[in-house]
Protein chains: 2
Amino acid sequence: MNSTAPLDVGDHQHATFPDGLDLECGVHLPSLDVAYRTYGQLSPRRDNAIVICHAFTGDQYVAETHPQTGKPGWWGRMVGPGRPIDTDRFFVICMNVLGGCMGSTGPRSLKPACAEGRVERWGTDFPPITIRDMVRAQYKLVRSLGIERLFAVVGGSMGGMQVLEWAVTYPHMMLAAMPIATAPFHSAQNIAFNEVGRQAIFADPEWYGGRYWEHNVVPARGLAVARMMAHITYLSEEALTRKFGRRVRQEPKDAQAPEASLAMFGDVFEVESYLRYQGSAFVRRFDANSYLTITRAMDWFDLAAEHDGELPAAFAGTPVRFCVVSFSSDWLFPTSSSRYLVRALNQAAANVSFVEIETDKGHDAFLLDEPDFDRTVRGFLCGVADHAGLA
Amino acid sequence: MNSTAPLDVGDHQHATFPDGLDLECGVHLPSLDVAYRTYGQLSPRRDNAIVICHAFTGDQYVAETHPQTGKPGWWGRMVGPGRPIDTDRFFVICMNVLGGCMGSTGPRSLKPACAEGRVERWGTDFPPITIRDMVRAQYKLVRSLGIERLFAVVGGSMGGMQVLEWAVTYPHMMLAAMPIATAPFHSAQNIAFNEVGRQAIFADPEWYGGRYWEHNVVPARGLAVARMMAHITYLSEEALTRKFGRRVRQEPKDAQAPEASLAMFGDVFEVESYLRYQGSAFVRRFDANSYLTITRAMDWFDLAAEHDGELPAAFAGTPVRFCVVSFSSDWLFPTSSSRYLVRALNQAAANVSFVEIETDKGHDAFLLDEPDFDRTVRGFLCGVADHAGLA
């Protein structure tokens, strides 16, 4: 296959599992939808599948134009023909997470019991879910595609949490794991930032106790504030200084907020303008209840706690080959968290390599142009593929 | 004087300057109130006065019980008889900043033109102010006390910005300056965090375009969200982990928020509970319009910009003795900012010492128990006092 050929993308894909899913909280989800996208071809031996787990506000459109926003896929530079995750060689699957809002079952979905009669959404009644619940939903989709063993599971940030949970829950179903810019638990600081975001949503007058759709509104201002704050944590101080510094811009009069008088001399800093744009763009594509459900799942993520506080025990005897990647200026999931993970993997006698990428781009670096990172991903996947005798 | 004697505090102090203040934005403030507190005795030679500049949400109650909250003074461990800033030796003045809400002129004040007839507050009509405006208001109060030369100006965080502005604007009116946990400009990241806080306030349904007092409410939820976020930036990740980690607590049923169902199994993380308390306590003592006015003043602070982009030029020929202090885990005003300041002072041939205190407590360390910091403050002030022949 020519590596410059367009991506081989099929129709938008969707699977329904009428047997539902037993959640960790004890609730049985009566029906489960998984929305997903695939890229490349599954090999006759069905041994070349890579699951890519998306981050918190990501989705399944990893390497193609997003149907709602019209923007390029969120990891198009990493996934495609000839790319580090090479769809000429690998069959890539990316699924919208359980609890999300891009087609998989989540708070925006209809309650099954009401689907026949009165239409009612889950909203805040959606049961609390965990990262493991997300992974167990993904497992069902993978098995339904006739795949008994994955070549690899790859993901950054919350996607990396899912990678780790995959490796712990289904260690014999995958050859390789790449947890990127992530941690085996959510830190107190991460929980704190998530909580501020949630409170911002609750404070919005159009939150309506989570039943905003009944009023044909969304809690846009609160959700935008949550996104603005989260966005700061995705960037490093260096990146913000490099991109914006203290530059100011004169806002056109008609674009000025009612509170523009608060600006000194009518100007705003470029970094403010940028954050406001990020906030307002986000509310057009993301659901507030999903924001709450997924941040909660992240907060509760603690692999060691699932194994009596012993992280190495989670990986005891694992056959999975790990490549752990961190970024030097990432302060949301700092290198120290990755080192902690690598030490536990070493204690479990796992096959693990570790790379810290030098960059000033912060947590977002895993989505951006970082040649060293590209080489790391390509090298690791090729190495394991060659070792495993993959065609 | 016995160093264990109670603080010598007079009645609550207040000065009105009917000639007002010319602000940097070009507006003339028709009348100026400065609320302040003093500790210790002014020497017969009037040469032992130290101005302490408070941080963003601080106030003049530096070393005594706060009359509204009933809490101890915010720097009681640093200021008092026998303390590092020794009120047996020094006469300490602390003023509520211009734009604040504890008695000095600010958005909560009545508009002078309306004071006789219809009562109207400034609210969002309060003119934009700068750190220099704050310092020029303080200068008027100091001069009104008959003090022609200060022994020192000391302050942390936004207080440190005021210290720097004092040294640049009135270099011949002070012997010593201690800018602590601060920077000569507000960084893009700092501006970004401030902007999120402002947007959280604007998003509150009880903001009412800044005229919330007309409705007998305050934008409590938005202001609390702003405070919660800011509070995270005052602490280090290490401090949050040490204080709270991932510990959970069962909230009593009657204390649960309406959104408690979002918590997994009814629990909340201790760090969430702590932040919620910080947020709700803050709204009882702080005014939302002051929050906006003061964050804007911080954002616009850039000493170099006032001198054609050359920070050393701001300090050219300064006779002031500087002691710059930073804290190793402070990521809001990192040590790199202090080093940048120190380099500029060195280029200006200023008399400057620099201390980085090793601590894991983050930005808040300047308010907390740090013996090395105490020794630094005491040592610097005693050294300059002895050198200057202070009694």
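Every residue, even glycine, has its Cβ placed from backbone N, Cα and C.
Because the structure is a prediction, the values reported are computed rather than measured.
Here's what TrEMBL has on this protein:
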DOMAIN    B:48-368  domain 'AB hydrolase-1'
ACT_SITE  B:S157  active site, nucleophile
BINDING   B:R227, B:D364  substrate binding site
ACT_SITE  B:D330  active site
ACT_SITE  B:H363  active site
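Candidate recorded positions: B:R227, B:D330, B:H363. Nearest to B:S157 (active site, nucleophile) by Cα distance: B:H363. Within the same chain, residues at least six positions away from B:D330 (active site) with a Cβ under 8 Å of its Cβ are B:A181, B:S236, B:G362, B:H363, B:A365. When the recorded positions B:S157, B:R227, B:H363, B:D364 are scored by other C-beta atoms within 10 Å, B:S157 scores highest.
Per-residue pLDDT, averaged across the domain 'AB hydrolase-1' (B:48-368), gives 92.
Under DSSP, B:D364 (substrate binding site) is assigned to a helix (H, G or I) in the three-state scheme.
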